[in-house]
Amino acid sequence: MKVLGLETSCDETGLAIFDSELLAEGKNGLLGQVLYSQIELHATYGGVVPELASRDHIRKLVPLLDELLAQCDISKDEIDAIAYTKGPGLIGALMTGALFGRSLAYGLDVPAIGIHHMEGHLLSPLLGPNPPKFPFVSLLVSGGHTLLVAAHGIGEYEILGESIDDAAGECFDKAAKMLGLPYPGGPNVARLAEQGDPLKYELPRPMLHRGLDFSFSGMKTAVHNLIKDTPGSDNDEQVRADIAASFQHAVVDTLVKKCVKALKQTGMKQLVIAGGVSANLHLRQTLEQQLAKIGATVHYAPLELCTDNGAMIAYAGYQRLQAGQQDALSVSCVPRWNISDLPALAQ
């Protein structure tokens, strides 16, 4: 089964083809993928402009599909099914991918299925060289979401904790903006932090000892006050690097301690981390160090699959389609969608 995956939930236009026949050859099933990022488009505004994102998806979907088919050396008539991101995300951006995918499926007379964006992220480490086995705890951490999920099987998701305000990735973006760094903030903060002292400034870790929920709004305020009150924060590169490193350390420390607590609470021994922030090297290294102390392992998606991409949608779509799930012909998107509301796959 060849499944075309379409990802248009925010500011990346991602297309990929998952081919189940490749699994028999010991491969991960990914036949090919293409990804277009709108970073340059939104950088001027310091963040994603929803209307511009939607219009750019419309411009890119057809040429990217042509590029993908050429890369995979197949025709569109060889596509057996289509999976598109149904939510959560920006409603206009979601609708562009959903309408394109559903229309293409209708024209090809193949099934189409809407996929939960965060389920795509959660399953993406299964495409990696060291895939986890169910059950596991998953940390889903991105610009729009931060949550801990106990995954007992595909569709069997229990939310253990989530952010009650800002997502970790959003906090990175806001801190970057305060430091005068360009969009997207996460990679630029991490780059600046490499030259800084992570212990130079003590920043709060809100809700660190209160269950498994997260809160990052207080940390954002603390960074704002630190920048305002610290001489040289606007022109001394070492001071700026120390602030970035201290901020990154505080966020990572919070995420890691919550992950350790979740593993101990559930008794599980595998942690899966996915989403854009999962590419952060300091987070990966700290998780590996701390999880080794409790006899647990950590699994990541390949770096190219940490950001939004079509491969994770194609794979999630394949899993649900081959289990017999079908969607109605109507097109509907869900900008706010709880992952625990997804149906479990029939065993």
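Cβ atoms here come from the backbone N, Cα and C positions, even for glycine.
Swiss-Prot lists HIS117, HIS121, ASP308 with the feature Fe cation binding site. Among the features that Swiss-Prot reports, substrate binding site is placed at LEU140, VAL141, SER142, GLY143, GLY144, ASP173, GLY186, ASN280.
Locations of recorded Swiss-Prot features on the structure.
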{"residue": "HIS117", "record": "Fe cation binding site", "Cβ within 10 Å": "29"}
{"residue": "HIS121", "record": "Fe cation binding site", "Cβ within 10 Å": "30"}
{"residue": "LEU140", "record": "substrate binding site", "Cβ within 10 Å": "26"}
{"residue": "SER142", "record": "substrate binding site", "Cβ within 10 Å": "24"}
{"residue": "GLY143", "record": "substrate binding site", "Cβ within 10 Å": "25"}
{"residue": "GLY144", "record": "substrate binding site", "Cβ within 10 Å": "20"}
{"residue": "ASP173", "record": "substrate binding site", "Cβ within 10 Å": "24"}
{"residue": "GLY186", "record": "substrate binding site", "Cβ within 10 Å": "25"}
{"residue": "ASN280", "record": "substrate binding site", "Cβ within 10 Å": "26"}
{"residue": "ASP308", "record": "Fe cation binding site", "Cβ within 10 Å": "26"}
- What's the CA-CA gap between ASN280 (substrate binding site) and HIS117 (Fe cation binding site) in angstrom, rounded? 20
- Inter-residue C-alpha distance, HIS121 (Fe cation binding site) and GLY186 (substrate binding site) (nearest angstrom): 18
- Other residues, Cβ within 8 Å of HIS117, HIS121, ASP308 Cβ centroid (Fe cation site): GLU7, SER9, THR85, MET118, GLY120, SER142, GLY275, ASN309, MET312, ILE313
- Note on the structure: Here the Cα-Cα span from GLY143 (substrate binding site) to HIS117 (Fe cation binding site), rounded to a whole number of angstrom, reaches 13
- Message: Can you tell me the CA-to-CA distance separating HIS117 (Fe cation binding site) and LEU140 (substrate binding site), as a whole number of Å?
- Response: 11
- Compute the C-alpha separation of LEU140 (substrate binding site) from ASP308 (Fe cation binding site), stating it in Å without decimals. 12
- Sequence-ordered list of residues in the chain of VAL141 (substrate binding site) that lie 6 or more positions away and have a Cβ within less than 8 Å of its Cβ, or none, is ALA167, ALA168, GLY169, LEU255, ILE273, ALA274, GLY275, GLY276, VAL277, SER278
- Item | DSSP-derived structure type at ASN280 (substrate binding site), helix or strand or else coil | coil
- CA pair ASP173 (substrate binding site) / ASP308 (Fe cation binding site), Å rounded to integer, equals 16
- Message: Tell me the coarse DSSP state (helix, strand, coil) of ASP308 (Fe cation binding site).
- Response: coil
- Message: For GLY144 (substrate binding site), which of the three DSSP-derived states applies: helix, strand, or coil?
- Response: coil
